[in-house]
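A.B. asks: Found this in Swiss-Prot, in case it helps:
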type	residues	note
ACT_SITE	HIS113	active site, proton donor
BINDING	HIS103, HIS113, HIS147, HIS177	divalent metal cation binding site
REGION	267-302	region 'Important for dimerization'
SITE	HIS177	site 'Important for dimerization'
Amino acid sequence: MSLSQPSTQSRVKVKSFLTGLQDDICKGLENIDGEGTFQEESWERPEGGGGRSRVMREGRIFEQGGVNFSEVHGEELPPSILNQRPEAKGHKWFATGTSMVLHPRNPYIPTVHLNYRYFEAGPVWWFGGGADLTPYYPYLKDTRHFHKIHQEACDSINPKLHKVFKPWCDEYFFLKHRNESRGVGGIFFDYQDGSGKLYKGQNPNGLSSIASKELGEYKLSWEDLFSLAKACGNAFLPSYIPIIEKRHNQTFSDRERNFQLYRRGRYVEFNLVWDRGTIFGLQTNGRTESILMSLPPLARWEYGFKAPPESRESLLTDVFTKPQEWFTDESLEEKCRPHHAVD
């Protein structure tokens, strides 16, 4: 397919995958929860398009979770897009995506986020997406498992991709005002149109940019990138379900619950201040309830809180909210072992 002439069939193929991904994820999550079910609400956008939002509340595992599909189009692009891709100015646009955020009740099960999307505006098109994990009481083995499954998905297309997408995730899901990562990362990519360098982010001196420069000019076809989105999207359930199976019966006290709610506050801060998807949705008159379904049902803030030294909570704030080389840094096991947080 020519970079300058994406066909209408492209939209059909992507929509079929994204709606199927929503179906598969919802089915898998309902199976593991055992009690909660997703309630669907279809919606239409007055300016063009619509979607279907699915939310689970008060399940056995999930306190709240949402899996949304949207397909929207319009005449004029919002500033959040034009700032990144000014060549799209003046073109009608089309955007579709499936996004998900899950907030488990048990503090030992991480919050998780996924989003895969496709965009067209005249001759301009791109894929974006990724998945990231946000633990509260982290385990090194869980973190490594999540990363391993997503690395294998990237490697199935090309083994060089993960070297760019892993640090890009660390870079994107970073709370600049807190100087900490939102979680332990995963993968992230955006503005992938098959041309130029893989990294198209905003930090020319970051690790992702450096890795991308080392690869040089990198050509990927539309089908390559579509296959990447499919491989990564289908990697989600195998990356997350085993963590639930291992942690959902762990007991917890008010201390763990309060710390979970406190750390959920960081999730709220990122999504409302930094997340480009939230900003794009609000700037294009998207469905507010669907856009903000990523927020947890409960969260708390505490002025000046610091985790006690050498505590289980400090393991999160001192180690797991900083970008790490999860497989090659041997010191991580030494840091986790005193807290019984390796396995």
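Placement of Cβ uses the backbone N, Cα and C atoms for every residue, glycine included.
Structural setting of the listed features?
C.D. replies: A sphere of 10 angstroms centred on the C-beta of HIS113 (active site, proton donor) encloses 24 other C-beta atoms.
For the recorded site, HIS177 (divalent metal cation binding site), the DSSP three-state label reads coil.
When Cβ-Cβ distances below 8 Å are used as the criterion, the region 'Important for dimerization' (267-302) is approached by residues 43, 45-47, 51, 53, 55, 57, 63-64, 66, 68, 70, 72, 74, 78-81, 95, 97, 99, 101, 103, 111, 113, 115, 117, 134, 173, 175-178, 182, 258, 261 of the same chain, each at least six residues removed from its ends.
Cβ neighbours within 10 Å of HIS177 (divalent metal cation binding site), excluding its own Cβ and spanning all shown chains: 9.
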A.B. asks: Could you give me three numbers for the region 'Important for dimerization' (267-302), the DSSP helix, strand and coil residue counts?
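C.D. replies: Across the region 'Important for dimerization' (267-302), DSSP assigns the residues as follows: 22 helix, 0 strand, 14 coil.
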A.B. asks: Across the region 'Important for dimerization' (267-302), what does the mean pLDDT come to, as a whole number?
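C.D. replies: Computed over the region 'Important for dimerization' (267-302), the mean pLDDT is 91 on the 0 to 100 scale.
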A.B. asks: Would you mind reading off the Cα separation of HIS177 (divalent metal cation binding site) from HIS113 (active site, proton donor), to the nearest angstrom?
C.D. replies: 21
A.B. asks: Just to verify a number: CA distance, HIS147 (divalent metal cation binding site) to HIS113 (active site, proton donor), in angstrom, no decimals.
C.D. replies: 13
A.B. asks: Taking just the CA atoms, what is the gap between HIS103 (divalent metal cation binding site) and HIS113 (active site, proton donor) in Å?
C.D. replies: 9
